[in-house]
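First the structure, in the form of C-alpha cells, and then the observations on it.
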Amino acid sequence: MLVKLLTKVFGSRNDRTLRRMRKAVELINQMEPDMEKLSDDELKAKTNEFRARLEKGEVLENLLPEAFAVVRESSKRVFGMRHFDVQLLGGMVLNDRCIAEMRTGEGKTLTATLPAYLNALSGRGVHVVTVNDYLAQRDAENNRPLFEFLGLSIGINLPGMPAPAKREAYAADITYGTNNEYGFDYLRDNMAFSPEERVQRKLHYALVDEVDSILIDEARTPLIISGPAEDSSEMYIRVNKLIPQLIRQEKEDSDSFQGEGHFSVDEKARQVHLTERGLILIEEMLMEAGIMDEGESLYSPTNIMLMHHVTAALRAHVLFTRDVDYIVKDGEVIIVDEHTGRTMQGRRWSDGLHQAVEAKEGVEIQNENQTLASITFQNYFRLYEKLAGMTGTADTEAFEFSSIYKLDTIVVPTNRPMIRKDMPDLVYMTELEKIGAIIEDIRERTVNGQPVLVGTISIEKSEVVSRELTKAGIEHKVLNAKFHAMEADIVAQAGQSSAVTIATNMAGRGTDIVLGGSWQAEIEQLEDPTEEQIAEIKAAWKIRHDAVLAAGGLHIIGTERHESRRIDNQLRGRSGRQGDAGSSRFYLSMEDALMRIFASDRVSSMMRKLGMKEGEAIEHPWVTKAIANAQRKVESRNFDIRKQLLEYDDVANDQRRAIYSQRNELLDVSDVSETITSIREDVFKTTIDGYIQPESLEEEWDIEGLTERLKNDFDLDMPIAEWLDKEPQLHEETLRERILEKAKEEYQRKEEVVGVEMMRNFEKGVMLQTLDSLWKEHLAAMDYLRQGIHLRGYAQKDPKQEYKRESFNMFATMLESLKHEVISVLSKVQVRMPEEVEALELQRREEAERLAKQQQLSHYEENALVTEDPNAPATAERKVGRNDPCPCGSGKKYKQCHGRLQS
C-alpha cells in the first residue's frame, strides 16, 4: 500500500527515467531548425567533428543530443523518415545500457540507428544482433544508405563466409549478424593457430534486437563447436528396436502407488524414468539381443554407455515428436526451434539424443560429437563492455534481465495510443470443440473482410488447423518451419482483406503486418517503376487499408496459451500497430499441454460444476486467473533452470576465460622459449620429487624408477646410478641440477640442428595444440561431472559447491598435465634436419585444418544438460596408426614417413 502511494506521488522508476530523457528530447528538437539549414556536406562533416571531440576527451553522453539530431536530419534526407520523439527516447534507453520495450510497429529498426551511430563514433565497433540471417541482411541493407551518408562503414556477418570476409565485416564501424554467428566466431577465434586467423575485435557494444528471444528463450542453449567422436550408430539401431515394447504408466512408483508399466514421464521436467519392472525387462531384452552379458546390470560401471543409449532412445520415442520438435527432410532430422517454430539447419541435440531420433525415424545415423569449445549466450553477451537490447515484450522478464545481465527494462510509450481489443479466453472441454469454434470465428470475420492471423505452438497444430480450414473451404496460407523461405512474403501480405494466415509461434517476427498488405512488396515486383505507377499502387493500397480498418483491423487467434505470457503478448502484439484497430482472442481446451499439466484440476472441476455441454465454452475471470498462475509457475521454473545453468556455467566460464586469455597471449608472441624454460624446470622438479623426496636420505631414493621415468617421458638416457657410484660427493641438490642441465643440453643440441626460428615456431605450435587437446578432454570431463553431480545431494552435500571444488581440482590437474605433456613432446621428438621439423609442423597444421573442417556447430538441447543419467565422456578422435598410410599422401606407412619424426 505504501509503495503504491509513493509511486503515485513520485512516479515509478520508469516514469522518472523517461522524464529525465524527455529533457534531452526537447534539446534535440530545438536543434532541428539549425540542422535543416546545413548542406549535405556540412551534415556529413559532423561525423569527423564528433570523432575529433572524442579524441580530445569529450564523453559520448555530451555528444548525444547533437549526434541524435544529426541522425534524425540525415534520415529525413536519405529515407524521407523523421524519428518520432518516442524513437529518440528509445535510442537514449539503448545507449544507457538498458532494455527498451517498444511495441510492434513502433520502428525499432530505425530507433537502433541512433545508438548505433553514437557508439560507432569511438571506432571500436558496434555489433547489431538479430535472430536470423534474413533480418541481419535486411536491416543492414536498409540502413546502409543512412550510415554511408554519415561516413560510417557497414559489415554483414553471415554463416559460411570465408575468414577474410568476416574479418572485413568485423572491421566495419557497424556490423550486423546473428547471435549464433557472433558466438561461434568468438569460439573459433579461440581455436585459431595464428593471430591472422582471428576475425573479431575486442567486444565493445552489442545492440540486441528481439532481446528476449536471444537472452532468455535461448539462454539455456549453449553454443558448441564439436568434432566427431567414435562411431556407435549400430548400437543406436539395436537399442531402438527394443523401446516400442516398453509400456508407459501414468506416474512414478512410490510407497502409495505401484504401476504396471515400464516407465513414467515427468512432463514438467521433460524427463523419462524407468520403473523397476522396466529395468528388469530392458535388461532381459539386452541379454537376449546379445548386447549385454548374462547376469550383468544396466547400472554397472561397465555399462554406463549402454545406459546412455537406452535413456536416449527412450527420450527420443516418448518426449520428441515429429513435426513438433523436429521434421524429417531429405533423409535428415532437422530440429524445430520450440520458441520460433523455425528449423535449425545444421544444429544437433547432444548426448546421443539426435542419433536416437535418427534411429527412431530410420534415417542415416551421423556420428556423435565431442565438445571442442562451448559458451552460453548468457556468458558470451556478458563479455561485451556495453550491452543493450530492444523488443516488444520485455516487461514480464524485467527481473531476469536485471538479476542476470544487470540490465534495467524501460517501457517506451507508443507514438499513438493502443486501441486493440483483447478479448477474454474461451475454454472448451476438448481439442475438437476448440478447433471447431476457431474455424467458425475465422469464417465470420473473413466474410466481413477482416484479416486473421492464427498462432499455433507447433507445426503439427498448424497443419491440423490448415486441414480443417481446407475442409471448410476457407483459403489460407501456412507459415511454419517447412516453408521458411516464403516467410517474409507471407507475413507482409497477412494484412490483406479476408487473408487468413497460420503461423507457428513467432515465425515471421521482425516483419510488420501492414493492414491492406505491403505496398512496398508490390513496387519491388516492378522492374523500373515510374512515379505514376508508385502513386497508383499507394492509392490502391490506401483504399484497401481503410477497408480493413473499417472491418476491425487484424484479428489474432491463439490456438492455445504458450507456457510464457511474453510469447502470448508477442502474438497479440502483431495487431494494433501504430494505433491501428485490431482484436485478439485465445481459444483453449482442457487437452492443451499447459492446461493438462498445470491448470487442469481446478478448471475441470469448475467446468463440471457449471454443467458444460458439448461445444460450449467457459469465459470467466477465474479461468483467466488460473491460466495466468499456471504460466507464472512455468516461467518461474524456467527462470530457475536458466539461473542454475548460469551458476554452473560460471564455474566453467572462469576457467574458459583463463584458458582463452593464456591462449591469446601465446598467439600474440613469437618467442615462447622463456615460458618453455620455466615450465621445464617445474616439470623436472615435480618428476624428480616423485622418486627423490626433498631433504631425504640416499637410501630412500628410487634411482631405478627415476631413470626409467626420464627415459619413458622425456627420452633421456641418464646413468644416474653410475654418477652416484663414481661421485660420492654428489648430493641431492647437485644431482637435481645435473639432471636439469643434461636435459637443457640435449634440447639445445636439437635446436642447433634445426635452427632457432624453426624451433621457436615448433614450440609455439606444440603448446597450442597440447592446450587445445587437454581443454577438449577437460570439457568432456566437466560435462560428465555436471551430469552426475546432483547425486551428491543424497550425501547431504551441496551439488554446486561440490561441482566448484571438483572442477577446480580438475582444472589444476589439467594445467599440470599441460606442462608435462608439452615438455614430453618437445623432449621426445627426434630431429635430424630442419626439413623434418618443417614437415612435422606442416603435419600438425594440416591436422588442425582437417579438424576445423570437420567441426560441427551444435546446440545442446536444454534438458540433455540436466538429464539424470551420467554419460561417459565422448572418445577423442582416432589417431593415425603406425601401420596406416601417412596422412601427407606420400603412399608410405606412417611409421616410415612422418611417424619416424616422433618417438
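The backbone N, Cα and C atoms fix where each Cβ goes, and this holds for glycine too.
Just one of D441, D489, D512, D528 is listed by Swiss-Prot for the same ATP site as Q87, G105, E106, G107, K108, T109, and that one is D512. Same-chain residues that are not part of Q87, G105, E106, G107, K108, T109, D512 yet have a Cβ within 8 Å of the Cβ center of the ATP site turn out to be M102, T104, L110, T111.
Largest Cα-Cα distance over the residues recorded as binding ATP, namely Q87, G105, E106, G107, K108, T109, D512, equals 17 Å.
DSSP assigns K108 (ATP binding site) to a helix in the three-state reduction.
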